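These features come from TrEMBL:
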{"type": "TRANSMEM", "residues": "B:15-33", "note": "transmembrane segment"}
{"type": "TRANSMEM", "residues": "B:45-78", "note": "transmembrane segment"}
{"type": "TRANSMEM", "residues": "B:90-113", "note": "transmembrane segment"}
{"type": "TRANSMEM", "residues": "B:120-141", "note": "transmembrane segment"}
{"type": "TRANSMEM", "residues": "B:161-183", "note": "transmembrane segment"}
{"type": "TRANSMEM", "residues": "B:214-231", "note": "transmembrane segment"}
{"type": "TRANSMEM", "residues": "B:251-276", "note": "transmembrane segment"}
{"type": "TRANSMEM", "residues": "B:283-302", "note": "transmembrane segment"}
Amino acid sequence: MSAQIINAVLLGGYYAVLATGLAFMFSVMNIINLAHGSLIILSAYGLYIAGHMLGIPLALAVPLVCAVMFGLGCLLYRGVLARASAGSELLPLLATFGLAIILDNLLFQVFGADTLSLAPLVGDLSWASVELPGDIWVGQLSVYILIAAVAVIGVLEVILRRTALGHRIQAVSQDRATAALLGIDTGRTAAIATGLALAVGVIAAAALGLRSAWGPYAGAAQLLFAFEAIVIGGAGSLWRVLAGAMLLAFAQSAGAAVHPQGFLIGGHLAFLVAVFWRLQAWRDRLSALGSARTAA
Amino acid sequence: MTDLTITRSSTTSRITLGLLVAAGLALAALPWINGVGGSGRAVALLVYVLLAVMWNALAGFAGLVSIGQTLFFGVAAYATIRLSDAGIDPFLATILATLIGALLGYVTSLFMVSLSGGEFAIGMWVLSALAHLCVNLDPLIQGETGTSLIALNAYDVETRAALTLWLALAFTAVFMAALILLLRSSTGAAITAIRDDEIAARSVGVDVLRTKRIVFVLAATGTAAAGALWLTSNTSFQPKAFFGVHWTAYMLFMVLVGGLGRIEGALIGAVLFFVIETLFGAYGAWYLVGLGAVAVLFALVLPNGLWGWIGPRLPGEAIPTGYFVHKKEGRTQHVDG
Amino acid sequence: MSTLDVRDIRASHGQLVAAQGISFRVEAGRMLFLAGANGAGKTTLLRTIAGDHRQDGGTIRLSGVNVTDMPAHMRARAGLSLVPEGRRLFPQMTVRENLQLGASTSREGPWSVEAIYDAFPNLEKLDRSPAGKLSGGEQQAVAIGRALMGDPVAIMLDEVSLGLSPAAVELAYQALRKVRDAGIALLVVEQDLTRALACADELIVMCEGREMLRSLPGETTLDALVSASLGHGKNEEVAA
């Protein structure tokens, strides 16, 4: 039992690193990037090319692909998101969904339907395990992924709250007009934020490629996991994403315990429960507000 | 004093109505002209029209972008399989499955519609994925292997094709009429208000949530009808072919290219998509890359689609949902609602 | 060469004209007041000059440099600052963080957080407080401080005294006099005509997007200002 809980926590680490880029982009730009999953898969292919085809060690390939994706993120903002977010609220959703369709099918055309993995790049690590007190064995890799998730969230939180760049990003996200009046180049700031979100996606891509395998159409599933983790965690700081990711993993493990095919169903149900619960909380708040007004 | 006359129809709208009726009659006569193959393609066109018009109603009028309308499309197809397996005539099952889709739409609307834009979009996708997984658990479906609507074998091929086509025509006519009537009712004024400015609509007392739910249930029902029709026309049911996200890509393409927020736009988009699919569908993934690219291009460059360009150049509205106020001097002013 | 030189500015909200042909100059170390009733177009005029609202015509020069075609953030970097209506601080950020954001113009100059605290001593103890928790007067001080942090040559202030207590208004104007004495050109929107008459170096009264009256404070009266803000021309007498 405790082994299952620990494994769910570790799986939660993976979902957290998957969701962080999406949550970051939403919190600083109010854009739900429906191409998030597909961009992570693109990064995974990038790592595959760097690692397998060019023979670059993974420790070098990750920062390299991060830099490439950062640049791509800046271009994505300049070329698509800036235009889309200037129009109606629907446009960013429509444009990023269209982008996901393009990316998925392009990747299929270029790389074919084969599933690929990065596991061979790290040799033993992909199956090595460590013993925890109480005779519990856990995969070494999933521990590293959890550590990476905590590190990524920590770094992003420090950037947002402690650096001048972070304050500029916050200013742009909260009040774009005022930010511009202070001399902040809002377009450039938003482009950098998009770049950061995509660079974080490379860490997620590395985690995905090392712990399992992916195909060209795997982006949709990753987007759903990421989104479910965010909704279950609730809005606020990025640390809530970590909590939501753990809860998602618990729900999936519980689902798998009930039925052999219940893994995904458990996660989806947890998402629905979170949606329901939040609607209820929202109604309570409204009625509390109403009664306060009547009392006054 | 100026004399004002208020009318709804115009030459443009009478021509449009004539064209639509002629197209409907031509399609209805197809079984005698073109046989089984032609009927199958015609059903495909009508299914696209239904999907485009319904998704456009949802996104263009209620401001709800759904990635998971396949929930209704797939569940209705599945329900048709289940009902006909229980001994119900497959065509009756198609109609009953549409009603099941309406019920599912009602239940879903209770909690989904109050979500914000992005949460609603992906939330619907989660629901569709959940339904997909649950359908796969049914031993009758055998997971992704799927099954087919065997009961259709009771009809000979010609009768089956003709009946499916006429059913598709009837469904399309009913749902188009329902949408136009809805837009012309007092709810329609509320829908137009929400489309133009949701916050302003709320401030003048429009019940935004209720209005959105009405549109959502209508869209769910129409999409369910399309799913049941697609199954009856193609007979085989593989869950992936019905719950797949490519359907959302099609809807996005049709509505963005045709014109968001206009019934005429959805119609043009569906016809255009039908032609493109006929010509390029065989190119597989490249075809989907092209669809996505064109949709994104339209979203960024021409967000009102083709109809946003054509519509204002026509005298009067093709499918009028508002009124025209004519002054005696001959100047015409358009009033929404 | 004037610090801020605005010529024939025109701006609109859709079909509604908000400013038609407004021109004026503000010299360094001078305070120009812009008065007028609600809806006279003052806020739109300020936002248009700052680049936050689309400009339909006219030119804006800052120390002789034409900034008309620059976006808002480039105008800020050229030394033009706007303290918007309602202050628009970032409520979750601390006072220091809000002030530091003001330095985003990357201009050289005398202002630093410490210099601001010297000029507004009551802010120093609020250094780490979230800006949203401050009183209206304190927020106004932070907003003015944030503008100064960008080392501007001209500052425009919208509705300085709106929503402030009389004591806070007095403090804000003391601060503005210091800013003016530091050689910065000031353009101040103020609804309180008595206050405008007392502090201004020059006055413009707007009504329905037009200039109704322009005067030195010593050469006009409160009645004339009221009459102009109601839309009566210079030579019309108020029907009392």
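Placement of Cβ uses the backbone N, Cα and C atoms for every residue, glycine included.
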- State the non-local partners of the transmembrane segment (B:15-33) in its own chain: residues 6+ outside its ends, Cβ under 8 Å from one of its Cβ atoms. 39, 42, 45-46, 158, 161-162, 165-166, 169, 173, 264, 318-319
- For the transmembrane segment (B:214-231), the candidate among B:45-78, B:90-113, B:251-276, B:283-302 having the most Cβ pairs under 8 Å is B:45-78
- Answer yes if the transmembrane segment (B:251-276) and the transmembrane segment (B:45-78) have at least three CB pairs under 8 Å among residue pairs 6 or more apart in sequence, and no otherwise. yes
- Which listed stretch (B:90-113, B:161-183, B:283-302) has the most C-beta pairs under 8 A with the transmembrane segment (B:45-78)? B:161-183
- Quickly jot the same-chain residues contacting the transmembrane segment (B:161-183) by Cβ under 8 Å, restricted to those at least six beyond its ends, or write none. 24, 27-28, 30-31, 35-36, 39-40, 42-43, 46-47, 49-50, 53-54, 57, 61, 91, 94-95, 98, 155, 191-192, 214-215, 218, 221-222, 225-226, 229, 232-233, 263, 319, 321
- Query: Mind checking which residues reach the transmembrane segment (B:90-113)? Cβ under 8 Å, same chain, six or more beyond either end.
  - Reply: 64, 71-72, 75-77, 79-80, 83-84, 120, 123-124, 127, 149, 151-152, 154, 163-164, 167, 171, 209, 212-213, 216-217, 219-221, 223-225, 227-229, 231-232
